[in-house]
Amino acid sequence: MKDENRTNLEPVDRERRTFIGAAAGVGASMVAPGVILHAVEAAPRATSVSSDVRWGLAIDTAKCAEGCSACIDACDRENGLDLQTKPKPLSESKWDQQKAVWIRKVKLQDNQTGRITNLPMMCQHCEDPPCVDVCPTGASFKRADGIVMVDRHLCIGCRYCMMACPYKARSFIHEALEGQLTSVPRGKGCVESCNLCVDRRDYGEESTACADACAAEGHNAIVFGDLKDPESPISQLLKALPTRQIREDLELNTGVRYAGV
Amino acid sequence: MMKRIVYREWRIPPARFWGILGILASVIGIGTLSFGYMEHQGHWVTGMNNAVVWGLPHVFAVFLVIAASGALNIASIGTVFRKPIYKPLGRLSGLLAVALLMGGLLILVTDLGRPERLIVAITSYNFSSIFAWNIFLYTGFMAIVIAYLWTMADRQGGPFNRPVGILALFWRLALTTGTGSIFGFLVAREAYSAAILGPMFVILSFAYGLAVFLLVLMFAFAEEGRVIGPKILRRLKNLLALFVAGALYFMLIYHLTNLYAAKHDDFESWLLLHGGIYTFAFWVGSILIGGLLPLWILYHPEKGKNCNWVAAAAALVIVGGLSTMYVVIIGSQAYPMPLFPGQTILESGFGDGVGGRAASYWPSIPELLLGLGGVAVGLLITAVGVRVLQFLPESLADDVVPVDEETLGEAAFAKPA
Ligand code: SF4
Ligand code: SF4
């Protein structure tokens, strides 16, 4: 099957990736027409994922600019979401509700004060993820480093995780996909969501596509980092700013924190 | 005065039987085609989207699954609660339970994004998932009911009849509660977080299961000219009325507790007053068609005695049941997730309920056909079952059915002192 790429967690693939990684050290390399691997300096992770770190995001909503969509565009490019095409007979409005979205902008207004807030929403990488609890096959899983993601080869597309996620963070692939990125296997009939650029994690890169893009725009509203490292920029930021989890009442201990909501 | 109950295969003329089978098979065929179409194209051809992820197929599937559990009720009343008058109906009750469950599960499976990976669901198990537990509940249910049927039909099984019946009763309650809990466990969804959901599903299952049972029984008997005596008809219709009233009562409690639990009152006022199609489905479908109308028929002094009216009431209960499932399953998904209390969402790139608006969902034809296909599977299994095996009692005329202890009581009561 065309879209049957291996996930980054299977041993076979790890070897392949080591090889590709070595080749890619030189710069961007073309492995197949249309498939460009990222240029990375660091060698791919040889050790297993460790629970010494917990990856997360801190979002300073005061810095998130209205009308800016840099993070979304970057995410779409990074994960091949920009390759989705609307099935011809489908109406635009329906497509809007059916296409996969990993990160979205939300604009809020306080009912009492009228204050406007802009923020990006994505999978909150819950420490106690309801999506993982309910998944019948274990396709939804949490890595030791706190990243919650879907194993595309175990997912049967039951969509129970989507029912369970309090943040509406997940998308179901409603249509056949073509021309995907090797680094991000996706496919019709499966569920997917933000995985904190897990591919970059395995290559030991610094940040996520969204955080990079936001910084490049000069906004710096998204900070990525290790929540367990007290010295990391994200921990420093969380120390300095009052932040909260969305739907704190559910006590999921999310890995994504927001300031100013 | 009590005669031995004789069971006999369903001996309607072959042409008629094959005609019925042909109709069911074509509905199944069309359902299969819809499945193939949805599978090949992907779910974009359905009305489902990233907000309403479970659509009409789940409405049918959940209805069938809980109706299956409810259909077994008749057998339980006969064996476990020792009401001999229900005994002759036990076999059909067991058969229907298995058949409806098969239909419902088939819909669930064919609506998966990757049905071909079903084997994954069986081999790679997540034991913390209530969904996965339900797979055990379902398969166990079938096994137990089949054993139960054996104890009813085989003389050697006789001694085990009651123990197996009791096991089946508890398994069935667990199954319905489990199905209800699939929703109850979703902490995120406003509509579902009420402890009452499980028990409500149990009582709904009683009503739906009995309604289906009654329709099937009446149809099978009428086709072949077997007799349903007024005595048993009265018992069955009173039972249906009781369950329907119970279901109404529970729905009322459910919505009122939600309404008074301050957290949920946004959802409730939306559902009960401003929810458009869902409000309509609730009041007209669930309450009026599925509750008040059948109650009126069943308690009507004349109509309640008439076979056709009782059948109509049962049909209304089924329509109302589907509508209740629609409200419970789809309405609660359409209602926006409460992400930011005290704030209004002005814009969103993913339809988070901008300005509190509900997500849109309109079922597509293939979804409907898939659902009907599942129903037809259940009916086909039943039809073949009663044709080849002795599931149906020869007669349910008053002088054949076992002594009705209640009537005895009434008779004694009616005697002038
Ligand atoms: S935000 Fe949703 S998808 Fe992400 S971990 Fe939490 S429950 Fe799972
Ligand atoms: S859709 Fe996939 S990831 Fe989600 S619960 Fe079902 S099997 Fe698990």
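Glycine is no exception: its Cβ is also placed from the backbone N, Cα and C atoms.
When Cβ-Cβ distances below 8 Å are used as the criterion, the transmembrane segment (B:20-38) is approached by residues 45-46, 110-111, 365-367, 369-377, 379-380, 383-384 of the same chain, each at least six residues removed from its ends. The annotation transmembrane segment is assigned in TrEMBL to B:20-38 (among others).
Counting same-chain residues at least six beyond the ends of the transmembrane segment (B:58-80), those with a Cβ under 8 angstroms from any Cβ of the stretch are 86-87, 89-94, 96-101, 103-105, 107-108, 111, 138, 141, 145, 148, 152, 161-162, 165-166, 168-169, 172-173, 175-176, 179-180, 201, 204-213, 321-322, 325-326, 329-330, 370-372, 374-375, 378. If you look up TrEMBL, you'll see B:58-80 (among others) marked as transmembrane segment.
Per TrEMBL, the feature transmembrane segment maps to B:92-110 (among others).
The annotation transmembrane segment is assigned in TrEMBL to B:130-152 (among others).
What TrEMBL records for B:164-188 (among others) is transmembrane segment.
Summarising the annotation, TrEMBL assigns transmembrane segment to B:194-219 (among others). Sequence-distant neighbours of the transmembrane segment (B:194-219) (same chain, 6+ residues past either end, Cβ-Cβ under 8 Å): 63, 66-74, 89, 92-93, 96-97, 100, 173, 176-177, 179-181, 183-184, 228, 236-237, 239-240, 243-244, 246-247, 250-251, 253-254, 257-258, 261, 264, 307, 310-311, 313-315, 317-318, 321, 324, 379, 382.
When Cβ-Cβ distances below 8 Å are used as the criterion, the transmembrane segment (B:239-257) is approached by residues 194, 196-197, 199-200, 203-204, 206-207, 210-211, 214, 268, 271-272, 286-287, 290-292, 294-295, 298-299, 310, 313-314, 317, 324 of the same chain, each at least six residues removed from its ends. Annotation source TrEMBL lists transmembrane segment at B:239-257 (among others).
What TrEMBL lists as transmembrane segment is B:277-297 (among others). Counting only same-chain residues 6+ beyond the ends of the transmembrane segment (B:277-297), those with a CB under 8 A from a CB of the stretch are 240-241, 244-245, 247-248, 251, 271, 303-304, 309-310, 312-314, 316-317, 319-324, 326-327, 330-331, 334, 358.
Only residues 6 or more beyond the boundaries of the transmembrane segment (B:309-331), in the same chain, are considered here, and those with a CB under 8 A from a CB of the stretch are 52, 54-56, 58-60, 62-63, 67, 183, 191, 204, 207-208, 210-212, 214-215, 218, 233, 236-237, 240, 244, 251, 271, 275, 278, 281-282, 284-291, 293-294, 297-298, 300, 303, 361. Per TrEMBL, the feature transmembrane segment maps to B:309-331 (among others).
Long-range neighbours of the transmembrane segment (B:368-389) within the same chain, counting only residues 6 or more positions beyond its ends whose Cβ lies under 8 Å from a Cβ of the stretch, are 9-10, 17, 20-21, 24-25, 27-28, 30-35, 38, 56-57, 59-61, 64, 68, 92, 95-96, 98-104, 106-107, 110-111, 153, 216, 220. The transmembrane segment annotation in TrEMBL covers B:368-389 (among others).
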